[in-house]
Amino acid sequence: MHIDIISVVPGLLEGPFSHSILKRAEDKGIAKIQLHNLRDFATGKQKQVDDYAFGGGAGMVMMIEPIARCIESLQEKRTYDEIIYMTPDGKRFDQPMANALSLQQNLLILCGHYKGVDERVRERYITKEISIGDYVLSGGELAAAVVADAVIRLIPGVLNDETSALTDSFQDDLLAPPVYTRPAEYEGMNVPEVLLSGHEAKINEWRFEASVRRTKERRPDLMEKSPTKGSDNQ
Ligand code: ADE
């Protein structure tokens, strides 16, 4: 997978992408992330990328020309499966969206700033608009990092344990069960006996029941999404 990210502050993204699994995915040649500074596509001495909003009002708007130049120069190198705009008024990001994006080859992500981009950018170039939640960040960069992380870790070969991404919370509309590691007893706090039993079927049953219980307690809305899940326990 190749992910291009367009930003006015690409430095914000250098940290997240040079560490952890994103770095490992890159080292293994599974996913490559390339940052592009929008200012490199601005003209004039000021290298202007934003301007006042027509009609007045506070806040600047990202101009179409530098974005168009940047996107079109990238499109000469690659055909994109999706051109994504990170924005709080986009579709709420979730696990099914991450799963679908992880199957794509080439993604382009545009990070918004200020009051957002000129609407004509959205009309002409954007194929998907994503929000990571109902709050406003100062720019789309951290949101783009969230999406890239959630997507890349799903690509086969990125995680060491191939099955682990499939057992994450949300993959099944259920939260993940509690997990434990050594020591089996810590200051009187014991790991559930069944997990020490070595009995795989019983362990799986315990985990499923713990998942259902946790989901009912913390996220009953997820259970409603999927009426068959855990209906025997209601
Ligand atoms: N840009 C600013 N806030 C955002 C959000 N919540 N999700 C995606 N992009 C954003």
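Each residue, glycine too, has its Cβ placed from N, Cα and C.
Annotations in TrEMBL come from automatic prediction, not curation.
Annotation source TrEMBL lists S-adenosyl-L-methionine binding site at G112, I132, G133, D134, Y135, V136, L137. Look at Y135 (S-adenosyl-L-methionine binding site): DSSP puts it in coil. Its own atom aside, the Cβ of Y135 (S-adenosyl-L-methionine binding site) has 7 Cβ atoms within 10 angstroms in the protein chains shown.
Per TrEMBL, compositional bias 'Basic and acidic residues' is recorded for 213-227.
TrEMBL lists 1-225 with the feature domain 'tRNA methyltransferase TRMD/TRM10-type'.
Annotation comment: TrEMBL describes 213-234 as region 'Disordered'.
Less than 6 Å separates the Cβ from ligand 1 in the case of I132, G133, V136, L137, drawn from the binding-site residues I132, G133, D134, V136, L137 in sequence order. Cβ neighbour count for D134 (S-adenosyl-L-methionine binding site): 7 (other Cβ atoms within 10 Å of its Cβ, all protein chains included).
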